[in-house]
Structures are given as structure tokens and as C-alpha cells.
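Working notes, structure below.
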Amino acid sequence: MAVAVASGFWIWAAVLLVPAAAVYEDQVGKFDWRQQYVGKIKFASLEFSPGSKKLVVATEKNVIAALNSRTGEILWRHVDKGTAEGAVDAMLVHGQDAITVSNGGRLMRSWETNIGGLNWEITLDTGSFQALGLVGLQESVRYIAVLKKTTLTLHHLSSGHLKWVEHLPESDSILYQMVYSYGSGVVWALGIVPFSHVNIVKFNVEDGEIVQQVRVWTPWLQHLTGACGVVDEAVLVCPDPSSHSLHTLALETEWELRQIPLQSPDLEFGSGFQPQVLPTQPSPVAPSRAQFFLQLSPSHYALLHYHHGAVTLLKNFPQATLVSFATTGEKTVAAVMTCRTEVQKPVSAGDGSVASFPETSGAQDSLACFNQTYTINLYLVETGRRLLDTSISFSLEQKGTRPEQLYIQVFLKKDDSVGYRALVQTQDHLQLFLQQLAGKVVLWSREESLAEVVCLEMVDLPLTGAQAELEGEFGKKAAIQDGLLGMFLKRLSSQLILLQAWTSHLWKMFYDARKPRSQIKNEINIDTLARDEFNLQKMMVTVTASGKLFGIESSSGTILWKQYLPNVKPDSSFKLMVQRTTAHFPHPPQCTLLVKDKETGMSSLFVFNPIFGKWSQVAPPVLKRPILQSLLLPVMDQDYAKVLLLVDDEYKVTAFPATRNVLRQLHELAPSIFFYLVDAEQGRLSGYQLRKDLTTELSWELTIPPEVQRVVKVKGKRSSEHVHSQGRVMGDRSVLYKSLNPNLLAVVTESTDVHHERTFIGIFLIDGVTGRIIHSSVQKKARGPVHLVHSENWVVYQYWNSKARRNELTALELYEGTEQYNATAFSSLDRPQLPQVLQQSYIFPSSISAMEATITERGITSRHLLIGLPSGAILSLPKALLDPRRPEIPTEQSREENLIPYSPDVQVHAERFINYNQTVSRMRGIYTAPSGLESTCLVVAYGLDIYQTRVYPSKQFDVLKDDYDYVLISSVLFGLVFATMITKRLAQVKLLNRAWR
């Protein structure tokens, strides 16, 4: 009974006495920041009015959002599933309603665009989604037409209720791709049999009855979408590059295609290019405009006019980048973006400042604009005449990128002239919102490639000039070269520099104290970057999936530099390595990015300065073979750059840098350099040893049967982590020594059988040097996804228990015992005994999106697990709660060690969330880095959003808190000094008076 009471007491103590990680209201945003993104635009709709303040977008990240057109901030956002089920297939905006179709045509939703509220949601029948259209009747839009592979359905716009559904004739052989209506009481469905004929079915809007069905032969046409368009009053126009002509068909009256040859010699179809008709329909209750664009090649457009069976050329654009239509009131304009060949004073897309680039580009490539300067002009669609004072010129910072999408927001000014704004999206996922304002063309910009961060590193900022001068005093070279007198003079000069810096800092403090807080500018630019006192401010080097690199200042989230890799394919993999830090002044810091193309397996290296974002003058080696593994060795060259080893598919090693000094060191250290390779498809893990001639030798091999289980994750320890304590003091005052094997690999496997009764998760702890299996365990009736953290002497991994239908965490800890085998040096080749492995499992009440452990400079601070939840919260869980040594029944020794009694449930307390309400949508990873304070760990969580903060696993034991009352303690000290002086004087007077007596 007493044991039960004691156990209950300890459980309640563990639950109630939890370390709080909350923040006060005045601390919100002081040490942390969050940046929200929506992703690359897939569909967009801009309001056509002068006072419009929002634009509605649907993105490739399955996000529907509204952006403030004045600032670019997100007004509201809805994040759907990250899989294909949440993909937005189509979006239409009418008035205050945005209609979206997602999940392959399974869900249709209506959104209120002002506040983002859901008006209605309906589930559609199964079938391949093809097209979406608005259907007008009697000068009002009432219905939504949904075209699928076999059916055409009509739904009420106000409620989403089904009006009628009709099966399409011969849908098993005809591929229906287009739907069209213009308020005449009918709706057309257009389908095609490739290289055969086009089938046109006409439905009555009221009852869905088939009014007419027409079949026309088109032996030259393969697709309707991406080729044909409907112009004027229901006239289908299809280009035919083989006959250099256009084919038209009036859907109301004609039964055969009419061929119209293109008479102009300037209208030549591009070789191997599928020409495309780009029409515009300003209103669903009105016919399409008779004017349309014909795209003849990737950069050649022509504005044509259809009238009574004839097509006339209004304007030819042989070198156009993008085109778009826009309508306001009764005016419809065409926007054309072209590359500006002569650049005088373009406006930079970064900050809007005017710069001079007097250059003239040569012959233009079909898609490239070598000077990266573009111009947008408006043209009247009726005549093709360019409108005066409608030109906007802008330039892109990054070379190799180009605009991909153009959306126009046009409106009428007070003098009845046309004004407009433009939304441009580039190849590197940059969104620019442009306006007609001299000096500030770029109203705002958004770097949406940051919604897909793939790897991240934090680099220490460089020292200031005064700090570098002070550091240089203590070098060995300085002592030899300068001598005693020279060092004394250098000390005086450095102290004068520090005094000058301190004086300017005081002056700035007094100057800012006279201003309101809102007017104090703490702008951070790349020229004033310097390491702070506690090294809390760092440079976040971020690599995105689009091939864009960013340098972000960690304390504010300010983007200081960016670079774009133009030839990176979408599915490439990246690995970022810091070869030289800022600690080796005057040598600049150096980062190396390894990019691997998954299709070809070929890789390339990019070397750059992580502080300034400039490409390095050091030429990396050209990689002619696919790279299997890369290793960053602690070996340095004469310029303090770590050596990078690259292993190709022939198991040959390339060193970078490959100087004579490096090759000599590799020749000496080759017997102690080992690495491993993983072939997940074959289930093979191989260990190799480096030879002195930079070839490799197979040292061990382990095969996991791929027909039974597959390798899903292999993770080693972080090379930068420090372990402060070699063991744990037990209750009897003995020491339980940790098994700190730096070569240990944690390998996670998952069964190939998907039946819930036969699934399992396996974990192997393997020595990467010898291939020895240190430990293996199997979790039966479990499946992934598995999240793993491997640090010090412990491993924590999460999985789904399919039998109990819950998420579980399993913790493993490795110990050598009460006697340490070798305290001075570790060797995998000299370990006769296997370590003791302790294991314990816990129930976690939520699934996990990402998991990482905190890290500090010396490893003294207690470790916490940072767990990203699907809700976007980040839980800071003390590692002590996942201690495998937690006893079921507490003993005197366990109480002496402060071990919490074992309880299988891990409670999630809101006060342990380090990001309070700053949730991170669709979190993919958490990155941790040490700071100059042992108590502080820097954390970056990334996914659709980016969130940066600081955590204090053991509280702030090495720095004063923010609420420390300096005035009070100073007053007390001055009061004590003053009281001491008065008391001393009174005591002297008293002694003098006593002496006179």
C-alpha cells in the first residue's frame, strides 16, 4: 500500500511539476519570428477595381489563400492535405465567391473571398476531372458546370446543390476536355478522339437534355486543351501547323470545319511546337471576345481578330515572353511582356532602387533574356494599338531565371484612362507585384520558394573590425613579426578603436532614446553584419527545392542575399556542407553545395561565401561520374578549409580541395578513414576503407532481405555535438559509463508486407567501421512513417502501433557498465564487449511531423526533444521523460537519482509548446544549432512556413533575465555605500567625543 501511495505521489509530481516554456506577452516576437508562405501559384484571380485590396490564389502546395494587394501579406489561408488528395485542379472566382475543385474532382468548395469562410462543400461522383466552367442565364451567373470523363453536371452557384447530371455519349472512346457557355441557355461539351474527330454535344441548361450533337473530322489534332479555344459567339478555333492555317467551327450553326490560311509571312509556326489559341471571356453571361492570341512558338505571339469567318492580324509580337488579357467595364486590354533589349535605368526587383545598366543585348534566345530586364505594355484588343503611359519596366536580380506567369489587375482612372497592376511569377518562385509608379515599380515581392526548404545550415557571423584587430594581437605570427614594442602599439590602437566604437554606440543609444519606439530603425544589412556578444545572431543558409539559395539573418528573418541555380531539375537532391567557418580570419567562410540529379545520377558542386552569398573563386572539381557518398573530414588544408571526399559509382575518391598538403595528409590518415554506402533497393549496407592511393577497399557488407523488409532510414550522430558527461552517477554513488561510439549507425527497416497483422519495424545499431551489429530489435504489428533521433548514447524513434492503433516512442540507451574500457581514446576495432542496451516504450498521443534534439556548445545543458506536431505546434519534451531507466516501482536509489517512476503515457502540455500560437503548417523538419550561451539552443522549424526561436532546456543559468531590475539593485548598492560612508563618519565622531570625555 505504501509503495502504491509513493508511486502515485511521484506520478503526480512528474505531471504537475513540469518545466514551463511559456513566454510573456511582451516577449512575443522579441526572440522569435515566423514567415508564412503559400507556394508557387497555380491559379490566381485579381479584382478589377482601383480600390481592390486582395488577390485570390491557389498554389501547387495545395493552398488556397487571399493576399493583400497593397502589402503582399496573407489575409487568410487554407492549407489542404499535402498529398494528391489536396491538389487544387481548378479555380474560378465570381464576385465574392471562389469555386475550387480538388482531389481529382472529388470535392468542390465555395469560399467567401473577404474572410476566407467556407460557403459550402459537396462531394462529386468519381471520375477523371477535366474542366470547370461558370454558366450564366438571363444576364446572371447561376450555375457551375463540372466536366468529367463520362458525365457533365450542373450545380447551383449559391448552394452547390446538383441541378442535373448527364452522361456523355461515347465517353469510353471520346476524351471530353472542354466546356463552354455564354448565357444563351445552352452549354457545350467538347471531346476529341486523337487524330480522328471532335465531338460537340449541346445541352439545355434547364433540364440537361441533349439539344444537338456534331462530329467533325480533325485528323491532324491530338488535344483540345492546350491547342484550341472558343472565341466570339461560340466559334471553335484550332491551329493546324501542317497546313499553316486555322480551322474554325461555329458551334451554333456549322457542321464542318472551315479552313483559314494564315496569309501573313510573319506568322510562321515554330518547328516541333504545338501552337495554341488563347481566348478571353470577360463574363460568363457574354460571348468571348472576337480577339485572341495565337502562340506560334515559345516566344512568338500574334493578336488576331475573328470576324464573319475571316481572321485578321492586329499585332504581331515576334519576341514576347508572356501575354495576358484583362477587362474592366467595357474595356478589354491585352498585356504583353517583352525582353527589353536596351537597358537604361531598370528598377531592381529587390528593393526598388534605380540602377544604371548601359548595355545592349545581342540576339535574343527564344526564352532567355540576357539582361534580365522586362517591359509590360498594354494594347487595345480592338485595334492592337499600344496605350500610352502604360509601360512598366522591371529587372530580375537572379540570372538564369525568367517570368512564367503574368496576371493583370486593370481599372479605370478618374480621367477614364486605363491603369493596371501586374502580378508576375518567375521560374525561381518569386512573386512580384508591379505598379505604375516611377521610382517604386515593385510594390511588393514574395519569395515563395522558401515554402520548400530542403536543407539548412547556420553559420557564425564574422567579427567586427575592432574584434578582429583584438583577436590578431594574440597570434603566434604577430608575436614573432611585431615584437614587444609593436604589440604594445597594436594594443593601444585596438583599444582606441574599441573606445571609438563604444562612444558611437552610446551616442546612438541617446539619440534613439529621444524617439518613439516605432521610429527607431533596426535595419540589418549585409554591410553591418557582425557577431553579437553571445553569438545568438547567425546566418541561416537555406537551400530550396527550386534551386534557390538564401542567406537569412537569424534574429529578424531578413533576407540578406540570394542566388539561383538555373540548371537544377525539380526532383534533385541537395547536401549543404560548411567547409570553413568565420573563425579563420582573414580567410573567408566557405560553403559547398552538392546537387544530384535523380534521373541521371550526375552531381555538381557549387562553392560560395555563406555571409555575402558570392560565388567563390575556388574552382570545384568537375564530377564526371555519379556520386554515391560524400564525407566532410576534420582534415584541413593550409587555408583551414575542411576536406570533402566524394565517392563515385566506381568507388573512386575525389578530394576537394586537392592540394599537395591535403593529399599528403590523406596519405597518412587513409587507414583510419572509413565510410559506408546504402543500397536501399538491394537492402545492402557496405563499409569501405580508404587506401593511400585514394581508392577504396570493401571492409564489411550486410544484406537485409529486400523481399521481407526495406531500409527506410539510416542516421548517424552529428559531428558537431559535444558530450560533457562520460557517465551517470547512480544512487549508490557508482558511475554508469555511457557507450559513446561516434561510428554508430541507426538503421530503420520496415516490412514489405502491408497487412496490419504482419507489419513490423526493425532497428539495427551497426558500427560503421567494423559492420558489427551492436543491437537489433523488432516492433511487431507496427508501421511507419518512422521519425528518428540519434545522439550521444541514445536513440529515440517513433512509429505507429497498428495493433493498439496508437503512436509510440521507443528509447534506447547504451552503456558500457560501471567500468570504462578506454577513457582516453575510442576505437571500433578494439571493443571486445557489446554495450548494455536499455529499452523502454511510451505512448504518444499524437502523430509526429518532425523530431530533433537540442544541442548546445558544450553539451552541459539537459537535452530536450523538439517534436513537431501536425497541428503546427512544436513540443519541447525533456529527454528525462523518455529515460529507459525509469523504474516501475521507485526505490531509494532511484529517488536519489531523481528518476521519475515509469508511466507509459507521455502527456502533451500546452505550456511545453515553444511556438505558442505561431504554428508551422505542414512541418517537414527542425534544425537546431548551438549559440555562445551554454543555456541557449537556436531552433528553426520549416515546412510551408519558417519559424525561428530560442529554447532554454535548463533555463537561463548563465545570463540575467530580461525582467532583471537594474534600477533597484543599483539603488540598493548606492544606498549601502552611502549608508556605509555616513555610518563611518558618525562612528568617527562618536569615538572622538568619547576620547574627549
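Using N, Cα and C of the backbone, Cβ positions are placed for all residues, glycine too.
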Checking ASN822, ASN917 against Swiss-Prot, the one recorded as N-linked glycosylation site is ASN917
Based on the record in Swiss-Prot, give the one of CYS339, CYS455 in a disulfide bond with CYS369. CYS339
Disulfide-bonded cysteine for CYS228 as listed in Swiss-Prot, from CYS238, CYS455: CYS238
Taking DSSP three-state, what's CYS339 (disulfide bond) in: helix, strand or coil? strand
State which of the following recorded positions has the fewest other Cβ atoms within 10 Å around its Cβ: CYS228, CYS238, CYS339, ASN917. ASN917
Three-state secondary structure, which DSSP defines for ASN917 (N-linked glycosylation site): coil
Whole-Å Cα distance, CYS369 (disulfide bond) to CYS228 (disulfide bond), is 29
May I have the DSSP-based helix, strand and coil counts for the residues of the topological domain 'Cytoplasmic' (988-997)? 9 helix, 0 strand, 1 coil
What is the separation, in Å, between the Cα atoms of CYS238 (disulfide bond) and CYS339 (disulfide bond)? 28
Give the mean pLDDT for the topological domain 'Cytoplasmic' (988-997) on the 0 to 100 scale. 90
Integer Å value for the Cα distance linking CYS228 (disulfide bond) with CYS339 (disulfide bond) is 27
The number of other Cβ atoms within 10 Å of the Cβ of CYS369 (disulfide bond), counted over all protein chains shown, is 24
Cα distance (Å, whole number) from CYS339 (disulfide bond) to ASN917 (N-linked glycosylation site): 45
